[in-house]
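One structure follows; several queries about it will come next.
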Amino acid sequence: MASASTSKYNSHSLENESIKRTSRDGVNRDLTEAVPRLPGETLITDKEVIYICPFNGPIKGRVYITNYRLYLRSLETDSAVILDVPLGVISRIEKMGGATSRGENSYGLDITCKDMRNLRFALKQEGHSRRDMFEILTRYLVPSTAAAPLPLFAFLNEEKFNVDGWTVYNPVEEYRRQGLPNHHWRITFINKCYELCDTYPALLVVPYRATDDDLRRVATFRSRNRIPVLSWIHPENKTVIVRCSQPLVGMGGKRNKDDEKYLDVIRETNKQISKLTIYDARPSVNAVANKATGGGYESDDAYHNAELFFLDIHNIHVMRESLKKVKDIVYPNVEESHWLSSLESTHWLEHIKLVLTGAIQVADKVSSGKSSVLVHCSDGWDRTAQLTSLAMLMLDSFYRSIEGFEILVQKEWISFGHKFASRIGHGDKNHTDADRSPIFLQFIDCVWQMSKQFPTAFEFNEQFLIIILDHLYSCRFGTFLFNCESARERQKVTERTVSLWSLINSNKEKFKNPFYTKEINRILYPVASMRHLELWVNYYIRWNPRIKQQQPNPVEQRYMELLALRDEYIKRLEELQLANSAKLSDPPTSPSSPSQMMPHMQTHF
């Protein structure tokens, strides 16, 4: 039912072959064949359990726990249930019942996952049979708490791919693709050792007229020293998208002449515009409240040549609670009787709408050429990343290709310090941590909404987005580990782990949208109306076998079949042409031979 999606795609590991074997045969196999294993993955223990399946009732099975996954195989001949859950996906493990608990299957473990599902296993009460399973899962789920600290699996993964995903993003090459540096913008290495801002990348693009000393002074007035830096420049009108964090105004309404001058310098990089547009992602009431903790926003009296707009996107805590409500109505059972009102009560699509609406405003302002745009929220690593990356996706068709999207994620999210470790909780036992929040999931959901409205605009398909989300949690790859670039440098992530892009780019055909039509200058403006947004069923409700899966899409499947048929015919045609040319090179045996007549025939395909 829920075998991990990654299993199907990795032709370079042992996983693919193993899964094919397990899905074909019975239950009594030796351990090496019973559980799929990646290079570097080792079996820790196995135990007979009762899986309390929310859809089919109790199922007798055997659980195998490795240093990467929890894998369940049914021991019942009439059930094909297989669970394949990377340990990184597990959010919480709780003991269910006690030694004196009465009732069938009342003693065992409850497991809460980060990918919209829960698992429940019943075990025998004799001899504290669940203790070792609980302790092993906890040790490998939170490896830093083990007596001898264990590394996350990404550091043990020995998979080899024919493509190195770490080479996908080179900041100098990406800025050069945008036409930078130029007469108005320069590349600076002031943050090479992460001394200016420890959560920013080493390489930054800033106004040519701003000196490094100017940047240091501006940094003192921006939260976490996250100064305004360029994300994207319009190839024709030269307006820009700039990102940063909130100014440190505080209750006293502090001002900083260097910061005010710096924003004016950004505005003056394009002589055609009179105002700089500032989009503050927060609701205005939150921005005002942030003054109490030393933050704030750019006031009209201090920033004369700027216009400020609030986008009313709520904070990480609101988003976390909203997703919890979504899970409540989709797992294990879909709330059928009051579905629309239940979905509305989660406010999830409302939040998606606000994020998309904000990104549309950013994209529209830049494409019009009327103003450059500065985007920030509080610290500039959550809502800011959502807005800049979505606006860039709307404006620049390059980011709609597979590698372009990977570069967008590497640049705007990973290198600019979205706190993946804190927001996802990799290897962290504190499942109630207030820092947890589905900000990146929300971004991917917005991308999916766009792909539904523009089905030919994206080179990648839905499965591409799902595999990114699956490995956001899995800890199989180093791509989403740690909070910022400086932490990844310290841990030598690019040297010691494999990139998710290695897996995807070594088998791109699996993730390609067959309807993709490359259009260079097309700007996408999705309709951010509640009437046009929908819940992403193939992600949020994919574990429920009773919900008819919309995949594979029958039209897409038929299209792929026709493409394969076309390729087969072309190959056959080439073979015939080769055979024909070989005959032509032979001396003619008679003037009326077929080989002499062939040059007069041309086949157009």
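Keep in mind that glycine also has a Cβ here, set from the backbone N, Cα and C atoms.
Quick paste of what TrEMBL says about this protein:
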ACT_SITE  C377  active site, phosphocysteine intermediate
BINDING   N315, I316, C377, S378, D379, G380, W381, D382, R383  substrate binding site
COMPBIAS  1-13  compositional bias 'Polar residues'
COMPBIAS  14-25  compositional bias 'Basic and acidic residues'
COMPBIAS  592-605  compositional bias 'Low complexity'
DOMAIN    165-540  domain 'Myotubularin phosphatase'
DOMAIN    346-408  domain 'Tyrosine specific protein phosphatases'
REGION    1-25  region 'Disordered'
REGION    581-605  region 'Disordered'
Taking only the Cα atoms, work out how far C377 (active site, phosphocysteine intermediate) lies from R383 (substrate binding site), in Å, as a whole number.
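Between the Cα atoms of C377 (active site, phosphocysteine intermediate) and R383 (substrate binding site), the distance comes to 6 Å.
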Consider each pair of residues in N315, I316, C377, S378, D379, G380, W381, D382, R383, all listed by the record as binding substrate, and report the largest Cα separation in Å as a whole number.
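Value for the max Cα separation, rounded to a whole number: 12 Å.
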List the residues of the same chain that sit at least 6 positions away from N315 (substrate binding site) in sequence and have their Cβ under 8 Å from its Cβ, in sequence order, or write 'none'.
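Within the chain, N315 (substrate binding site) has Cβ neighbours under 8 Å at R282, N286, S378.
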Other than N315, I316, C377, S378, D379, G380, W381, D382, R383 themselves, what residues in this chain have Cβ atoms within 8 Å of the centroid of the substrate site's Cβ atoms?
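Everything else in range on the chain: A281, T384, I439.
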State the mean pLDDT for the domain 'Myotubularin phosphatase' (165-540).
96
Please list, in sequence order, the residues in the chain of W381 (substrate binding site) that are at least six apart in sequence and whose C-beta is under 8 Å away from its C-beta.
T199, R226, S245, F416, G417, H418, K419
10 Å Cβ neighbour count around C377 (active site, phosphocysteine intermediate)?
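I count 28 other Cβ atoms within 10 Å of it.
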Can you count the other CB atoms that lie within 10 A of the CB of R383 (substrate binding site)?
29
Specify the count of other C-beta atoms within 10 Å of the C-beta of D379 (substrate binding site).
19
